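Participant: My structure is below; once you've seen it, I'll send some questions.
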Amino acid sequence: MIIKPKTRGFICTTTHPVGCEANVLEQINITKAKGPVANGPKKVLVIGSSSGYGLSSRIAAAFGSGAATLGVFFEKPGTETKPGTAGWYNSAAFDKFAKQGGLYSKSLNCDAFSHEAKQKAIELIKQDLGQVDMVVYSLASPVRKLPDSGELIRSSLKPIGETYKSTAVDTNKDLIIETSVEPATEQEIEDTVTVMGGQDWELWINALAEAGVLTPDCKTVAYSYIGTELTWPIYWHGALGKAKMDLDRAAHALNDKLSATGGSANVAVLKSVVTQASSAIPVMPLYIAMVFKKMREEGLHEGCQEQINRMFHERLYRADGAAPAVDDANRLRLDDWELRDEIQQHCRDLWPTITTENLSELTDYREYKEEFLKLFGFGIESVDYDADVNPEVNFDVEQF
């Protein structure tokens, strides 16, 4: 079939398998160009490995460190008449290139929140790898099915305490608008912590530890975003921020456990990037368009892959073997470049001056739109979008 982009709200409802493969190859090449990771991991489990920072982590481990990788994700395969999700095609492409490079790659397409996913991952690790020396936790989901009761819990992107009003961009119409979001109820806050907090990360690490499939020096990392005062009301000071604070709680508990044998658990605070997850957050597209332009001008711009490669090389697996620099909450900070005073002051000054008319001139909004479509495999120069493509792509994945 011939596949063209169709967007609805903050998602693109179509995806292009050849475009997704081109994206993955680009990220692999960025990683290879950075050179090998000294003392890097060799057997890595990535929970949430099909897009965004999770996919970048799997690529960094495999193509930066020569690691065997097991990826866990929840994606839809394509059918004769309908493309699959971008994450399906990303994972298929990763698997293809990993195997071409002689690297072990297996994937589980399932609900990562379930007990079954954890058991299946443990079985595969025991059977094929023995133990893993790194576990990356990178799930971004609006819903969690509680593994014991089967109850569906939903997260909320809402402020706490008062209605949030701000300038934003309507990415469908390319218009600057005023947006307002009603505050979360106590129940919504609690539910957001249940879905996006640290509980499932703990369940994973505890299950893996009890099964004896973690090396004594295993490192685990989960991803967070803190941002700045421009995004705090909807993010860090909102319901999602409470969930990310719970991730910090889990990191401390897990670090106490793993450090006893020489392992570690950290939250890594990452920079804002164009992902399916960030595009759903009010204000983020406009903030990203502003901050990207300034960071590009300053030579500080990083995409998902560059950011994760820096985490591997300069934080977790330093060539000198030194412990990584952490903040006062034991977090790895990769948002340090974005948070530089001159970058943030520029955004604060620019924010009130943005109009529909000057949006493309004063920010990288056009680039934001291009990056967004690229997530789904569109707008890539090397791809012929008038060519017939097969939406059914199979690879080494177990589904349950």
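A Cβ is built for glycine as well, from the same backbone N, Cα and C atoms used for every other residue.
As listed in Swiss-Prot for this protein:
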ACT_SITE  Y235  active site, proton donor
BINDING   48-53, 74-75, 111-112, 139-140, K244, 273-275  NAD(+) binding site
BINDING   Y225  substrate binding site
SITE      E75  site 'Plays an important role in discriminating NADH against NADPH'
Participant: By CA-CA distance, flag whichever of E75, Y225, Y235 among the recorded positions is nearest to D111 (NAD(+) binding site).
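Facilitator: Checking each of E75, Y225, Y235 against D111 (NAD(+) binding site), the shortest Cα distance is to E75.
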Participant: In sequence order, which same-chain residues at least six apart have a C-beta under 8 angstroms from E75 (site 'Plays an important role in discriminating NADH against NADPH')?
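Facilitator: Sequence-distant Cβ neighbours: S50, G84, T85, G87, W88, S91, N109.
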Participant: Can you tell which of Y225, Y235 has the most other C-beta atoms within 10 Å, given these are the recorded positions?
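Facilitator: For the recorded positions Y225, Y235, the Cβ with the most other Cβ atoms within 10 Å is Y235.
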Participant: Only counting partners 6 or more residues apart, tell me which same-chain residues put their Cβ under 8 Å from the Cβ of K244 (NAD(+) binding site).
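Facilitator: In sequence order, M196, G197, S224, Y225, I226, W236, V267 meet the Cβ cut-off.
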Participant: Please list residues from the chain of G52 (NAD(+) binding site) whose Cβ is under 8 angstroms from its Cβ, counting only those at least six apart in sequence.
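Facilitator: Expected: S138, A140, V273, T275, Q276, A277, C304.
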Participant: Measuring CB to CB from V274 (NAD(+) binding site), give everything in the same chain under 8 Å that is also at least six residues away in sequence.
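Facilitator: Result: I288, Y368, E371, F372, L375.
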Participant: Among all the protein chains here, how many other CB atoms are within 10 A of the CB of S50 (NAD(+) binding site)?
Facilitator: 25
Participant: What residues, ordered by sequence, lie under 8 A Cβ-to-Cβ from L139 (NAD(+) binding site) and sit at least six positions away in the same chain?
Facilitator: I47, G48, G54, A112, F113, D200
Participant: For the binding-site residues listed here, G48, F74, D111, which shows the highest count of neighbouring CB atoms within 10 A?
Facilitator: G48
